[in-house]
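Copied from Swiss-Prot, the annotated features are:
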type: BINDING; residues: Gly13, Ala14, Ser15, Gly16, Arg17, Met18, Asp39, Gly101, Thr102, Thr103, Ala125, Pro126, Asn127, Met128; note: NAD(+) binding site
type: BINDING; residues: Arg40; note: NADP(+) binding site
type: ACT_SITE; residues: His158; note: active site, proton donor/acceptor
type: BINDING; residues: His159, Gly168, Thr169; note: (S)-2,3,4,5-tetrahydrodipicolinate binding site
type: ACT_SITE; residues: Lys162; note: active site, proton donor
Amino acid sequence: MTQATPQRIAIAGASGRMGQMLIEAVLDTEGVELAVALDRAGSPSIGQDAGAALGRPCGVTITDQLDALAQADCLIDFTRPEGTLQHLQACLRHDVKMVIGTTGFDSSGRAEIEVAAQKIAIVFAPNMSVGVNATLKLLDMAARILNSGYDVEIFEAHHRNKVDAPSGTALIMGETVASAWDVALPDVATWTRHGDTGVRKPGTIGFSVVRGGDIVGDHTVFFCGTGERIEISHRSSSRATYAQGAVRAARFLARQDNGLYDMQAVLGL
């Protein structure tokens, strides 16, 4: 692909809310073009123009044929773990780079992505928002300073249809704090509380979750000390910020060889 040639982008889950946001972001970004729009087999969107629902017909027909990825340079995927892993295998077959914003992978799914990154370039991040990734840098700084005498609690809220909890963003926030403390998150996490929980154990990281309505995504990390409390928050009002970040990640991959990258690498943080 020469510099003058647009990067050919494929979108998975093309008829969904996030898929439509991604399509719009691609159509609005110079240097990229929508080449492939994928959806699940049996979807009523199959055969329709990918931009029609946006009022922006683009000449790309939604398909369920994964071999259509041969026409793309990079796939952006915000679907479900099982679907993303199927798409990953198709990307390996056709040497297509991949931006993965899907959350909820188990350890074997994450391992599969790591192995695939030895052959293709992948950006794998639970949150593509530039603001969230700036927030992670602030969290790292705060956790290194507030490493003694402060209790950490992570609160997150999302819409009623989100199926994994805590969110991938909340988990990476917890991992950021744990890493700054030189501990592993599973060793210090408190996932739920109910009944007589006893006194809070020092050095633990608590999580609390809300699911309801159409909340796009709220995250707050509390550093609770004696006589003071520091709160670092990020609130999303639109999925557009995730879509814009994902397209930015795809542009980053155009310059990369095989390897596994996160949004910190994309943003140069």
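Heads up, residue numbers simply count up from 1 along the chain you see.
Note that Cβ sites are derived from N, Cα and C of the backbone, with glycine treated the same way.
A distance of 15 Å separates the Cα atom of Gly13 (NAD(+) binding site) from that of the residue listed as 'active site, proton donor'.
Relative to Asn127 (NAD(+) binding site), the recorded positions with Cα atoms inside 10 Å are Gly168, Thr169, the candidates having been His159, Lys162, Gly168, Thr169. Separating the Cα atoms of His159 ((S)-2,3,4,5-tetrahydrodipicolinate binding site) and Asp39 (NAD(+) binding site) is a whole-number distance of 22 Å. Of all the binding-site residues listed here (Ser15, Thr102, Asn127), the one with the fewest other CB atoms within 10 A of its own CB is Ser15.
A helical conformation is recorded for Gly168 ((S)-2,3,4,5-tetrahydrodipicolinate binding site) in the three-state DSSP classification. When the recorded positions Arg40, His158, Lys162, Gly168, Thr169 are compared by Cα distance to Thr102 (NAD(+) binding site), the shortest distance belongs to Gly168.
Applying an 8 A CB threshold to same-chain residues 6+ apart, the list for Asp39 (NAD(+) binding site) reads Ala12, Gly13, Ala14, Ser15, Gly19, Ser45, Ile46, Ile62, Thr63, Asp64.
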